[in-house]
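Peer 1: Below, the features straight out of TrEMBL:
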type	residues	note
DOMAIN	D:4-285	domain 'Dihydroorotate dehydrogenase catalytic'
BINDING	D:21, D:45, D:46, D:99, D:127, D:165, D:191, D:217, D:243, D:244, D:265, D:266	FMN binding site
BINDING	D:45, D:69, D:70, D:71, D:72, D:73, D:127, D:192, D:193	substrate binding site
ACT_SITE	D:130	active site, nucleophile
Ligand SMILES: Cc1cc2nc3c(=O)[nH]c(=O)nc-3n(C[C@H](O)[C@H](O)[C@H](O)COP(=O)(O)OP(=O)(O)OC[C@H]3O[C@@H](n4cnc5c(N)ncnc54)[C@H](O)[C@@H]3O)c2cc1C
Ligand SMILES: Cc1cc2nc3c(=O)[nH]c(=O)nc-3n(C[C@H](O)[C@H](O)[C@H](O)COP(=O)(O)OP(=O)(O)OC[C@H]3O[C@@H](n4cnc5c(N)ncnc54)[C@H](O)[C@@H]3O)c2cc1C
Ligand SMILES: Cc1cc2nc3c(=O)[nH]c(=O)nc-3n(C[C@H](O)[C@H](O)[C@H](O)COP(=O)(O)O)c2cc1C
Ligand SMILES: Cc1cc2nc3c(=O)[nH]c(=O)nc-3n(C[C@H](O)[C@H](O)[C@H](O)COP(=O)(O)O)c2cc1C
Ligand code: FES
Ligand code: FES
């Protein structure tokens with residue numbers, strides 16, 4: 001069930017350059033049962049910034065009714081969010097969207113989790129759940145440069161973890177795809193979230209595999225009512241059939257929609 | 001000199017129903033030398049509320065670089081201001097406008113200070129200065145009802161003080177003009193701030209006296225540049241001569257401008 | 001809540017609050033959040049004869065106290081709306097106002113004719129003002145004579161009253177209102193969005209793939225209020241007002257300007273519960289302002305007394 | 001700050017930032033706050049032939065992210081502007097753009113003829129778009145042919161280049177721009193305010209004594225950007241853009257849309273130091289976006305590459 005609630009800030013910290021980790025507490029955590037969903041945040045009580053901001057859920061703590069997000073303070077909305085202090089309230093709508101299917105990976109199988117930049121966060125809750133299920137996880141995370149790398153240690157605790165940076169300042173120089181190829185990583189299921197070019201490359205490279213991709217699109221409502229976030233389906237690339245990223249996604253099976 | 005400064009909140013308290021007393025600290029207090037001026041406040045860091053809010057200075061503390069305002073939380077801007085906490089900063093432009101001329105009352109003379117509702121605050125600094133100058137002060141303050149009466153005790157410490165409430169719930173029932181007439185109060189100079197009908201009555205009743213009135217008008221710039229706050233001069237009531245409340249006023253000699 | 005019940009051509013509403021077209025889809029998503037029967041009416045997403053995918057993304061961009069959209073009338077087309085959406089909506093006790101769009105006369109007529117037969121469609125909203133469709137559309141909303149003729153033709157085929165949705169992107173809104181009144185419109189809805197643009201600082205290009213989009217939200221409210229104030233004094237049609245409504249207070253401002261009902265668009269994205277909240281708060285506000293019934297507020301800004 | 005120096009007809013500016021007409025008076029008040037010579041230029045308050053008191057108060061009302069004004073062209077009249085204001089401004093090293101207004105052709109011509117002779121007036125801004133004056137004015141700003149003729153006549157008498165200030169309250173802004181281009185305008189300034197209204201919740205009456213007023217501020221920026229984007233592709237006149245500018249980033253957005261200089265209006269009331277602040281921040285922003293000179297930004301939203 002989608003809820004709207006003023007959730008209280010438990011903690012907020014800058015964990016890399018302009019990258020913030022924000023933990024909120026609220027009843028609507030009870031509705032969060034799957035990895036890969038997102039929430040839609042109103043970051044001010046003013047008419048400006050007007051629209052909500054979609055941010056993925058990166059960690060769910062049911063016991064404490066808390067959940068965590070990791071976001072980059074980029075434009076005005078996220079910059080304002082980053083100024084909020086513990087004890088403040090944030091207006092949250094969620095959970096929204098459809099999750100990564102953990103059941104796609106069976107116990108004993110290997111899942112490859114590929115994240116790019118600010119697409120990394122939702123993979124964290126996913127990885128935890130896969131591990132719990134007895135799935136072997138391998139993480140390949142791509143960042144621009146060392147100063148914006150985050151969470152690699154947390155991922156390492158869950159499974160094999162490789163980091164690529166574009167400028168080589170940390171981990172391997174290059175892209176996530178380089179790592180996968182160079183290391184000849186094998187897997188049964190691939191889950192990914194990150195920039196579209198990365199998702200496209202993965203979709204192309206692993207046509208024969210089970211691949212799940214989480215998409216981003218500018219949103220209005222976040223719940224499927226405004227048609228802001230649609231994409232074409234892959235089998236009707238210029239027709240009128242469509243999927244909504246907010247409510248049909250953000251996670252799609254590779255090949256389902258046109259990237 | 002007009003300055004723009006982020007002043008820090010020293011204290012803020014609700015001293016009557018929806019009436020707040022706010023004390024700020026900042027360098028621009030050095031520029032505050034006269035009673036009856038005002039400041040122009042930006043109450044949010046957002047594009048909404050967009051415009052500054054004019055609020056009178058009610059108390060100047062040069063030693064501590066602090067000044068105090070008393071305002072009614074009425075619309076959105078003042079409501080937001082009332083939520084600010086000590087330690088927060090407020091964007092202040094000021095001091096603005098022309099003051100009550102204390103030199104109009106000589107030592108030993110009697111000054112009658114007549115305030116209505118939220119027009120009372122600027123009279124406080126004025127009264128302190130007049131007392132310091134050796135002028136005898138009499139205060140007549142009008143309010144709607146008991147719950148919005150404020151500062152009567154502070155005024156009492158400076159001189160004779162009478163309070164009227166429209167509903168009679170505190171002090172004398174009726175208007176300030178009733179008190180002045182009933183008590184046959186006499187004076188050399190009259191200073192007043194409050195609703196226009198009150199100012200008009202005073203102007204009419206004391207045509208032969210030195211009377212100074214502080215006006216209100218909706219403002220844009222607050223510094224005399226936008227022509228939002230003009231009024232006609234009394235000697236050219238439908239012509240094109242004018243005075244600006246923000247920079248020629250807010251205090252005018254009775255008979256100078258058309259009320 | 002007797003103080004909110006209103007009657008307009010074709011519409012007997014328990015309250016005058018309704019989601020604006022395009023901001024509520026066909027109600028399915030919001031039905032997960034609250035009971036749609038609470039609403040005065042629902043203005044459904046524009047329906048065209050053929051299904052439409054609409055414009056490429058990005059389709060929305062934020063502006064100060066507003067947003068731009070260039071959805072481009074995406075909708076599943078008349079047939080599907082008739083066979084799936086409207087029957088589904090029929091489970092709720094709420095009249096539907098069907099927003100009818102097209103790029104040529106025949107499209108409008110075909111859609112109006114059919115959709116006005118749906119049992120829960122109590123009125124049509126003729127969308128002659130969508131700024132996000134390239135072909136034709138613009139003339140319908142900006143040339144009085146063209147608007148008049150279209151209104152007339154749609155009236156001829158419609159089985160329910162026809163409200164015409166005016167575009168604010170015109171020099172003379174009264175002229176447009178009079179034209180559609182002459183054409184036989186039963187009511188007006190106003191305003192649609194203003195054409196606007198935002199440019200990305202980094203790329204230097206418009207944020208919207210369509211380049212321009214329709215500006216909505218609180219930013220445009222004073223323009224809508226002014227236009228309704230003007231139009232309501234010059235035509236005798238009831239007006240459903242919209243543009244930046246976020247609160248019960250905003251609703252009253254629209255009434256004072258001259259509206260007889262109010263639609264809420266963009267605010268549904270900011271707070272999906274905004275419509276039921278306004279409906280809940282209105283009776284007390286109406287009472288506290290000294291009115292027995294909200295309709296007493298209509299046109300107070302220009303009526304005597 | 002070589003990266004900001006620009007040349008426009010009649011104007012050699014050290015930077016492209018100037019206060020917009022009506023938001024800076026004749027500079028006296030702001031001169032207490034900062035050195036006016038820092039500014040690229042100053043667009044002074046509209047000058048009419050006779051002195052004008054303007055409209056009754058209240059003359060301003062706040063809206064969400066904007067404001068309405070109905071000053072009504074209050075000004076001391078041509079003679080006083082010529083004899084007192086302009087000579088006073090001459091102490092600063094800053095070119096003046098004189099905003100010329102009137103309610104009939106002759107007024108405009110008389111003012112333009114005289115004021116263009118003042119040594120520090122380097123250009124005129126023909127205000128055919130003031131929404132707050134009842135008589136006549138509106139036709140000049142909304143009927144292309146009328147605007148064209150007025151432009152032509154003013155050009156005939158003016159000793160300096162003439163920029164025409166366009167009203168956004170029209171169906172077709174390109175048509176207006178083309179008309180004044182045909183009339184011989186040297187440049188355009190746009191946009192003036194949009195006609196709007198706010199109604200007081202308690203009284204039920206418009207807040208402004210004049211009822212309607214001109215909407216300015218951040219709320220209108222997307223409309224201005226769209227209009228400049230359109231117009232700049234269809235006329236070859238330089239455009240001084242305005243509407244809701246508050247920051248150096250906003251200035252760049254105007255440039256991308258097609259502007260060659262930018263004026264700041266309402267923001268002067270919010271932060272009286274906004275112009276010098278923008279001027280200070282611009283060079284670094286221009287550089288960080290990869291440009292050597294700000295003029296490279298003009299029209300990037302529609303130019304190739
Ligand atoms: C399903 C989903 C999940 C996301 N999860 C995360 C996350 O976990 N961490 C994170 O840092 N970011 C995430 N994003 C991206 C995040 O929504 C944007 O970075 C954010 O909205 C930018 O807002 P702003 O105020 O900083 O920027 P502004 O430029 O001020 O935003 C202006 C408008 O554009 C929209 N916008 C700008 N950039 C994006 C973008 N990349 N995607 C979608 N809308 C955008 C904003 O939402 C807003 O409406 C996610 C996006 C989606 C769609
Ligand atoms: C010179 C001067 C001194 C003042 N001193 C005081 C004071 O000491 N204490 C106090 O409580 N009030 C004072 N006021 C009135 C105060 O400015 C308004 O109450 C305040 O601006 C209302 O803002 P808001 O956000 O609450 O209301 P809103 O209704 O949200 O305001 C909307 C707009 O209208 C303007 N406005 C609304 N009411 C008034 C008003 N009465 N006068 C001027 N502008 C108004 C606001 O400034 C704003 O631009 C003074 C006004 C002036 C002109
Ligand atoms: C995303 C979006 C989609 C819209 N789609 C339609 C539409 O299909 N038909 C229509 O007549 N108006 C459409 N509109 C306009 C609204 O119905 C409304 O007239 C406008 O947004 C002003 O109201 P608001 O400020 O409350 O949003 C749309 C508006 C938005 C924001
Ligand atoms: C208080 C006020 C007075 C104005 N007076 C004039 C004027 O005299 N002449 C004119 O051409 N424009 C006038 N304008 C319009 C501005 O110059 C500018 O075009 C408009 O406000 C948009 O810019 P902004 O959003 O930065 O304010 C005035 C605007 C305001 C707010
Ligand atoms: S954001 Fe509204 S449909 Fe997806
Ligand atoms: S408020 Fe601008 S001139 Fe007084």
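Cβ from N, Cα, C; glycine included.
Give me the structural setting of these features: burial, nearby parts and distances.
Peer 2: Mapped onto three states, the DSSP output places residue D:243 (FMN binding site) in coil. Within 10 Å of the C-beta of residue D:243 (FMN binding site) there are 32 other C-beta atoms, taking all protein chains into account.
In the three-state DSSP assignment, the secondary structure recorded for residue D:193 (substrate binding site) is coil.
Every protein chain shown contributes to the tally, and the Cβ of residue D:130 (active site, nucleophile) ends up with 26 other Cβ atoms within 10 Å.
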Peer 1: Out of D:21, D:130, D:265, the recorded positions in the record, which is closest to residue D:70 (substrate binding site) when you go by Cα distance?
Peer 2: D:130
Peer 1: If I take every residue in the domain 'Dihydroorotate dehydrogenase catalytic' (D:4-285) and average their pLDDT values, what number comes out?
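Peer 2: In the predicted model, the domain 'Dihydroorotate dehydrogenase catalytic' (D:4-285) has a mean pLDDT of 96.
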Peer 1: Hey, of D:21, D:130, D:243, which of those recorded positions are within 10 Å of residue D:193 (substrate binding site), Cα to Cα?
Peer 2: D:130, D:243
Peer 1: Using other CB atoms within 10 angstroms as the count, which residue among the binding-site residues D:72, D:265 scores least?
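Peer 2: It is D:72 that, of the binding-site residues D:72, D:265, has the fewest other Cβ atoms within 10 Å.
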Peer 1: Please report the distance from the Cα of residue D:21 (FMN binding site) to the Cα of residue D:45 (substrate binding site), rounded to the nearest angstrom.
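Peer 2: A Cα-Cα distance of 5 Å.
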Peer 1: Using the alpha carbons only, what distance in Å do you get between residue D:46 (FMN binding site) and residue D:130 (active site, nucleophile) once rounded?
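Peer 2: Checking the Cα atoms of residue D:46 (FMN binding site) and residue D:130 (active site, nucleophile) gives a distance of 9 Å.
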Peer 1: Taking the Cβ of residue D:45 (substrate binding site) as reference, which residues of that chain separated by at least 6 in sequence fall under 8 Å from it?
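Peer 2: Listed in sequence order: D:21, D:22, D:24, D:25, D:26, D:75, D:99.
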Peer 1: Could you state the CA-to-CA distance between residue D:191 (FMN binding site) and residue D:130 (active site, nucleophile) to the nearest Å?
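Peer 2: Approximately 11 Å lies between the Cα of residue D:191 (FMN binding site) and that of residue D:130 (active site, nucleophile).
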Peer 1: Which of the binding-site residues D:72, D:243, D:265 has its Cα nearest to the Cα of residue D:130 (active site, nucleophile)?
Peer 2: D:72
Peer 1: How many Å lie between the Cα of residue D:127 (FMN binding site) and the Cα of residue D:72 (substrate binding site)?
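Peer 2: That separation, Cα to Cα, works out to 13 Å.
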